Amino acid sequence: MKFSQALLSLASLALAAALPHASTPVYTPSTTPSPTPTPSASGSFATTSGIQFVIDGEAGYFPGSNAYWIGFLKNNSDVDLVFDHMASSGLRILRVWGFNDVNTAPTDGSVYFQLHQDGKSTINTGKDGLQRLDYVVHSAEKHGIKLIINFVNYWDDYGGMNAYMRAYGGGDKADWFENEGIQAAYQAYVEAVVKRYINSTAVFAWELANEPRCTGCEPSVLHNWIEKTSAFIKGLDEKHLVCIGDGSDGSYPFQYTEGSDFAAALTIDTIDFGTFHLYPDSWGTNNDWGKLWITSHAAACAAAGKPCLFEEYGVTSNHCAIEKQWQNAALNATGIAADLYWQYGDTLSSGPSPDDGNTFYYGSEEFECLVTNHVETIERSAK
């Protein structure tokens, strides 16, 4: 999901427009001990079985949500509150940002995970860095919630690919996927995060990027990057699933102008399942069209013999009336194994969590419609 920073209630991060450097980035290793969470006694690693997901030994259809912001919270009680509410509501999967890239280190105590500056990549493992994600993983383990952890954003929110290009060079997003220096910095970060949580059963999947695309590129650019990067991750960690995080065909439905080929990506052995997003308002289509979008992706996944994750979907009004149709379409489509609405909202110690217009909050009528009732429908269908 692309969203405006002006809509975020969390403190925005300062990004400096540093001049590009042609040098190969130098990865600065962490000197802070990494308190890697211990796997929960009752949990097991998520896997797939044909076109289904298997969570803690249970094969079926699973509901979940997105809360990109949870790793940036500095109050542990807020993190626990979110997972308490999710678990009691029957939500099983939460997708979070495992990235927070800056070109200038914040001086106000804001959380950031990686600094790209002067051709160097420095991973922040301090209390305002990956230790915040550590607690998210720890709390997820405690509450039985599975996490999808994403490594970089296509969009500029929380740094994104442009934060890399400002530090290491590159003129457009195509350069990001093919520039050796950029990819060295990216892979160093991926390796650090994967190794940090490699033994955690709370991790559902590693995700390459949020909505990666390459406007005007041949599909081979993205495909080759997906193939190379997913193989790199599998070489580090064979225990966890790997997915792309693509919105599928970009902002222009059923076209390849964004350099994405959904069906072709499903053929990559080191990609375990498909992901796709749905925002008709942003794409100039009507809400009813969304059901076709869902069933077409389900068919592609079924043909490939891999599960589909309906990973993001949202509207800014009439949540229940519109999104309920999409949930039902996904639940009844052969090939879809889970759905994650965008996005989860809750009342934290500092006030409401971020609202980008698509958010609906725990305890609201919309939450009852799209979470409580949806979970009940899933449970009935499993009997």
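Any Cβ shown, glycine's included, is placed from N, Cα and C.
Annotation source Swiss-Prot lists active site, proton donor/acceptor at GLU211, citing similarity to another entry. Cβ contacts within 10 Å of GLU211 (active site, proton donor/acceptor), excluding its own Cβ and spanning all protein chains shown: 23. The DSSP secondary structure for GLU211 (active site, proton donor/acceptor) is coil.
GLU312 (active site, nucleophile) counts 24 other C-beta atoms within 10 Å of its own C-beta, drawing on all protein chains shown. Taken from Swiss-Prot, the feature active site, nucleophile applies to GLU312, supported by similarity to another entry.
Around the Cβ of TRP97 (substrate binding site), 24 further Cβ atoms fall within 10 Å across all displayed protein chains. Annotation note: TRP97 (substrate binding site) sits in a strand segment as assigned by DSSP. If you look up Swiss-Prot, you'll see TRP97, ASN210, GLU211, PRO212, ARG213, TYR279, TRP283, TRP342 marked as substrate binding site, on the strength of similarity to another entry.
Annotation comment: Swiss-Prot describes CYS214-CYS217 (among others) as disulfide bond. For CYS217 (disulfide bond), applying a Cβ distance below 8 Å and a minimum sequence separation of six or more within one chain yields ALA174, GLY259.
Per Swiss-Prot, the feature disulfide bond maps to CYS301-CYS308 (among others); the stated evidence is similarity to another entry. Residues within less than 8 Å, Cβ to Cβ, of CYS308 (disulfide bond) and separated from it by at least 6 positions along the same chain comprise ILE51, PHE273, GLY274, THR275, PHE276, HIS297, ALA298, ALA300, CYS301, GLY335, ILE336, ALA337.
Sequence annotations record features per position, and here Swiss-Prot assigns disulfide bond to CYS320-CYS369 (among others). Note: CYS369 (disulfide bond) has non-local neighbours HIS319, CYS320, LYS324, i.e. same-chain residues 6+ apart with C-beta under 8 A of its own C-beta.
Take the CB of ASN75 (N-linked glycosylation site) and look out to 10 A: across all protein chains shown you find 12 other CB atoms. The N-linked glycosylation site annotation in Swiss-Prot covers ASN75 (among others) and rests on sequence analysis.
According to Swiss-Prot, the feature N-linked glycosylation site maps to ASN199 (among others), an assignment based on sequence analysis. Following the DSSP three-state reduction, the secondary structure of ASN199 (N-linked glycosylation site) is coil.
The annotation N-linked glycosylation site is assigned in Swiss-Prot to ASN332 (among others) on the grounds of sequence analysis. Under DSSP, ASN332 (N-linked glycosylation site) is assigned to a helix (H, G or I) in the three-state scheme. Counted within 10 Å of its Cβ, the other Cβ atoms near ASN332 (N-linked glycosylation site) come to 14, all protein chains included.
What Swiss-Prot lists as signal peptide is 1-18.
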Three-state secondary structure, which DSSP defines for CYS217 (disulfide bond): coil
In three-state DSSP terms, the structure that ASN75 (N-linked glycosylation site) belongs to: coil
Among TRP97, ASN210, GLU211, PRO212, ARG213, TYR279, TRP283, TRP342, the record's substrate binders - longest CA distance, Å: 24
Rounded distance in angstrom between the Cα atoms of ASN210 (substrate binding site) and GLU312 (active site, nucleophile): 11
Residue with minimal Cβ packing [other Cβ atoms within 10 Å] among the disulfide-bonded residues CYS214, CYS301, CYS320: CYS320
Whole-number Å value for how far TRP283 (substrate binding site) lies from GLU312 (active site, nucleophile) (Cα to Cα): 14
Minimum Cα separation from ASN199 (N-linked glycosylation site), reported as the residue among recorded positions TRP97, GLU211, PRO212, TRP342 that achieves it: TRP97
